[in-house]
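Visitor: My questions will all concern the structure given below.
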2 protein chains.
Amino acid sequence: MTEQEKAAPEASKLSLDQVFILLEQQDYDQLRLLLDQTHPGQLADLLEAMPPKKRRQLWDLISESQEAETLAFLHDEVRNSLIEEMQPEEVVAAAEQMDVNDLAYMIEELPEHIRQSIEEKLSDEIREHLETNLSFEEGTAGRLMSQDVITVRNDVTLEVVLRYLKLHEDLPEYTDGLMVIDREGFYQGKLLLNTVLTRNKNLLVKEVMNSQHQAILATTDEHDVTLFFEQFHFISAAVVDENNLLLGRIKLDDVIQILRAEADHALMGREGLDEEEDLFAPVINSTKRRTVWLGINLITAFLAAWVIGMYTDTLDKIVALAVLMPIVASMGGIAGSQTLTLTIRGLALDQITSGNRFWLARKEVMIGILNGMLWAVVIAFLSWVWFQDAGISLVIAAAITINLIAAAASGIAIPLILERMRIDPALSGAVILTTVTDVVGFMSFLGLATYFLL
Amino acid sequence: MTEQEKAAPEASKLSLDQVFILLEQQDYDQLRLLLDQTHPGQLADLLEAMPPKKRRQLWDLISESQEAETLAFLHDEVRNSLIEEMQPEEVVAAAEQMDVNDLAYMIEELPEHIRQSIEEKLSDEIREHLETNLSFEEGTAGRLMSQDVITVRNDVTLEVVLRYLKLHEDLPEYTDGLMVIDREGFYQGKLLLNTVLTRNKNLLVKEVMNSQHQAILATTDEHDVTLFFEQFHFISAAVVDENNLLLGRIKLDDVIQILRAEADHALMGREGLDEEEDLFAPVINSTKRRTVWLGINLITAFLAAWVIGMYTDTLDKIVALAVLMPIVASMGGIAGSQTLTLTIRGLALDQITSGNRFWLARKEVMIGILNGMLWAVVIAFLSWVWFQDAGISLVIAAAITINLIAAAASGIAIPLILERMRIDPALSGAVILTTVTDVVGFMSFLGLATYFLL
């Protein structure tokens, strides 16, 4: 390897295109060689980017030693489809190499009969760890923790710690420190590797450990865990029970996975998509899932149609109204979505509370009024150029203003109300919002037209 | 502090509500005390959740020793508004404590005159580091690197390394290893702290260092940097120039910041919102920004209206068409957005390439056909119940099917074309898509009606 190649990570990265070409050429030996040098995280990415047939081909080429970690990196749906094709013994072999939190996550999503047959075959120690993990609710710190913790007692010297570390060939990933416990196993603080390296070796652990390094309660919500890691720049943190007994640790890579999942959820939830969805899932599965969302949308579309239906007489007389009415609804939908997105994001970041809610609502409504008036004038003018009817122009101006104000108010109010009702605003906020802006838009435009123009 | 409190991070966290209450009560001493115990990352979150006046009050209560790091955590807009109120000396004092990458990022966004007066006052060393950083393009690894690297030569023993480390009181954050260089400063590999701790101290660095631990080329795109960190589970990585000369290092916290920014961009870009936008920006600033997006949308809305306008004769004769036409457009928009979101996400994760593009397109169009036919039947039936006109029912069924297929095809094609034209699909994809589904929806429905029903 030349120095240039070493310096450029891309150079050694097995690309998706390469995989497709090698599969096409049936050059399996070369592909196997390259796969062996590829990180499991990237193997998972490659597998997820494969249509089903090729995915199975590729999976068969991945060596057994890489299987466990690769499975841990895959999204639910892709993982389950691969596991279903594996022998139970293979799955167990993989399971025993996984971090217990990845295993807990995987096993929960498996069909009951596969799950049972795996659990039976696990070693007692792993099964016990697994049961501890599963005893905590999904989405809590207890579920995120792994058991690869190196602990030291608080009453030994750094020299003893150094000798103890030398017994290890290598330390587990993301080990930035050792967890300090007392005689009974209660968490006392963290002894950073930095400290071990830089301080005098005759000092006692309790004299140099970081006792400010807080542990995380196992029942803490995983979203709070991410905030905690980000605020304190942690690489790993201890997990304890309510009595401060050390249970395990959470590593930064698990936190990054949650951050990714939260971002995917925010992005995909609003389209009724599942963030765990396999891009290459069978057509029938994807159709079923998406059809539900289309059905929900159809109800709101018929609601809007029903509003229009109340004004058929008006539309019959002034056909220009039918031409212009989608503009009113559309402008409201766009303005409302902006406010909605900001509000949902603010809520997710814990930035909105009773102390600033009204300030924000007032600000958004002010923006709605200003933008409403501005675009009302523009749209009224364009409508007049088109239809040369001052009445229609005045009515559409009024309707645009009303709808943009309603949009701003709903963009704030809908997520706040949903949050209070414990409904995830990222999932249903957008549908409800566009229903409001459609109904208000059509009703104000056609209603005002009926009143003033007929 | 009792053990229970130590175990629960939430207990010590200063909440937004508390801040509002203490500001209200003017209990500044208590607030200052609590702020001093709060992490700069959290201080930044609190500041961002404050309306302008309270934000300035709170900023004045934050101690000078926390200012630098807090500034580094803030989003552009909030940070600039605070800096404008600060004395130049204060800004310089803060700048000198910042990581050089944070400083480079901050200084680039400042108005020219403030920027110059800060640069002049910086120490020569910092200014030199800053210039190196700024010599790389925005969005590259060179911009992300900081200078807090501890290097060791490859021809010394671990004992020498240990002695060298003891000279440090503490190691910089995210130091999981030391960068190994040769005599000339060329990067050779990474010496993990784990290795220093666990291996025999008479071994040479070159014998135990990890030479597989790749460095990142300074011109690498920051998105590739995040993939690289995630794949290899890095905590820090060396940055080198094209000759393999060590320039600095990138830390995992910078990578997490990019991940957050990418997620925000994906979420907010589609609404025409800037991810750096201050939730509490003045009304006028926010109005201006959002008005541009409404203007773009207005063009597409008028395009849709113009399509409807071609069929005024038809609408005049059959008013039921005006009632039903939003349903056709809306269903297309929803189905298309689903495909679009999946495609944009797949592109962002490098999961879509020439090898699977056609497979994916075929899959999405198949889903479009299946869902199109399913909902065509449902909508045809509901329309018949409403208007009892078989002709209208048949026409709407055909239009729904056509529009859902067009939506699926556009949902794949639009982001692929935009990507090839080097336009960010996260920004403009949704607007273009709904223009297509509106136009196709209205045109197929009203066009078929004109042909068959008149």
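The backbone N, Cα and C atoms fix where each Cβ goes, and this holds for glycine too.
According to TrEMBL, the record shows the following:
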DOMAIN    B:38-141  domain 'Magnesium transporter MgtE intracellular'
TRANSMEM  B:292-312  transmembrane segment
TRANSMEM  B:318-344  transmembrane segment
TRANSMEM  B:365-386  transmembrane segment
TRANSMEM  B:392-418  transmembrane segment
TRANSMEM  B:430-453  transmembrane segment
Visitor: Express the predicted model's confidence over the domain 'Magnesium transporter MgtE intracellular' (B:38-141) as a mean pLDDT, rounded to an integer.
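Guide: Average per-residue pLDDT within the domain 'Magnesium transporter MgtE intracellular' (B:38-141): 87.
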Visitor: With a cut-off of 8 Å between Cβ atoms, can you find at least three pairs linking the transmembrane segment (B:392-418) to the transmembrane segment (B:292-312)? Only pairs 6 or more residues apart in sequence count.
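Guide: Judged by the Cβ rule, the two regions do not touch, with the required three close pairs absent.
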Visitor: When secondary structure is assigned with DSSP, how many helix, strand and coil residues does the domain 'Magnesium transporter MgtE intracellular' (B:38-141) contain?
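Guide: Per-class counts: 79 helix, 1 strand, 24 coil.
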Visitor: Which residues, given as numbers and ranges, are at least 6 beyond the ends of the transmembrane segment (B:365-386) yet have a Cβ under 8 Å from it?
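Guide: For the transmembrane segment (B:365-386), the sequence-distant neighbours (Cβ-Cβ under 8 Å, at least 6 residues beyond its ends) are 320, 324, 327, 331, 335, 339, 392-394, 396-398, 400-409.
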